[in-house]
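The structure under discussion appears below in the form of structure tokens.
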Amino acid sequence: MVYNGSWLAVPSPRWQMCVFLCMGGNSTTWMNTAVLVTCIRNFRRNRGPVSGILKGYVGLSTAIFTDLCTALFSNDPASFLVLLAVVPFAVCLTAVFFLREIPPASSADEESEETRYFAVFNIVAVVVAVYLQSYDIIGVKTGVFSVTFASILLFLLFSPIAIPFHAVIKSLNRGEQDVEGQIQEPLLSSDIAEEKEVIAVEAAAAAAVEEENLVGERKRPVLGEDHTITEAMLTVDFWVLFVSFLCGVGTGLAVMNNMGQIGLALGYTDVSIFVSMTSIWGFFGRILSGTLSEHFLKKAGTPRPLWNAASQILMAVGYLLMALAVPNSLYIGSMVVGVCYGVRLAITVPTASELFGLKHYGLIYNILVLNLPLRSFLFSGLLAGFLYDAEATPTPGGGNTCVGAHCYRLIFLVMALASVIGVGLDILLAYRTKEIYAKIHASKQVNKSSSNLS
């Protein structure tokens, strides 16, 4: 609907395009919430890889559609709007029939199988990212080469569909084997099963009575249990996560929004390479942090906020390099900021679910990301805009311009300080939540041990 309106309105007054862009920006939030919350609940034992893959493809989506537009619709932008109107709608409409909650993995074997599937998703995503980057570097974007590029890209994007088909076939085969095993069981096993069921029902009833007694005594849920949004916002940990998220993603977003102007101020004529590098390295940050944080959580119970702290340290170093304007500092800075920005986005998603539960996770996550307009105003609009204008020279046309390392030096120093504050908050959150992650680690180890014994 949004892109249909944009297509009909080309060319259109600015206010109409503003309305359509507002609708588009809000519509993506609905789909993002539905997909993210459902996948986190379905694959709760692999929350890191789920977050990394989903956020990674969100980061790649701009490059995917931009390159497809350049390859197939470079001389016909109206047709590209038709493509945007039809394809995403068709994909979302199809997903409605498959996007639903399913029982999560209940054993270590199923969890391990999920992990292998997510590894395949990661490999395909990395191949897509490298392929897009290669296309941008080669620079040949016309004729048969463009059509070939688009065909291969579409094949890569649709190739992961084979994974659920493989999983379904494997589960059907496993079900047939289970039925054969049940036929060979002695008749006495049914009596034993009934006895176990009676014992389980009695235990559940006793647990329910005990839980009712505890509900009256417990006033507020503890970390790791399901929180309502009000209960979550009454905790210190929520606001520590909120402000650290603001420091990390806010400063990174300010650099990404102003990367073109930063490049011009530092004397680069072609700034598109920096925008592309920030995007592609942000993708790698999301993919790697999701997988690595999950691996070390399972192996050693490492709290996820420590990964945010590490990324904030690197981000502060990147800002200092850009403030000093050493040779090639913008290349290094764009890579570092992209990676760290991606880490912060991917890690915060599972962290919020682990601290405040999954029952109201959709609302809690969206309250956390409500600081998007706040951080855009603070870092992109207020900080970058005000300090740049203070250094800029007025031009005859009524604007202003600034060339030189001094244009953004103070801005980078302030953002480095904000990143250091974010490091302290992340370390504090890691310390406050270490017991929660120790319990998560212990539960995974118990599940793994029971699977090995069976």
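Cβ atoms are placed via backbone N, Cα and C, with glycine included.
The feature domain 'Nodulin-like' is assigned by TrEMBL to 12-165. Residues or ranges marked as domain 'NFD4 C-terminal' by TrEMBL: 233-437. Residues or ranges marked as transmembrane segment by TrEMBL: 14-40, 52-73, 79-99, 119-138, 144-165, 238-256, 262-284, 305-324, 330-351, 363-388, 408-431.
If you average pLDDT over the domain 'Nodulin-like' (12-165) in this model, you get 80. By the Cβ criterion (distance under 8 Å, sequence gap of 6 or more), the transmembrane segment (52-73) is not counted as touching the transmembrane segment (238-256), fewer than 3 such pairs being found. For the transmembrane segment (408-431), same-chain residues at least 6 beyond its ends with a Cβ under 8 Å from one of its own Cβ atoms are 237, 240-241, 243-244, 247-248, 250-251, 254-255, 258, 262, 265-266, 303, 305-306, 308-309, 312-313, 315-316, 319-320, 322-323, 325, 379, 383-384, 387-388, 391.
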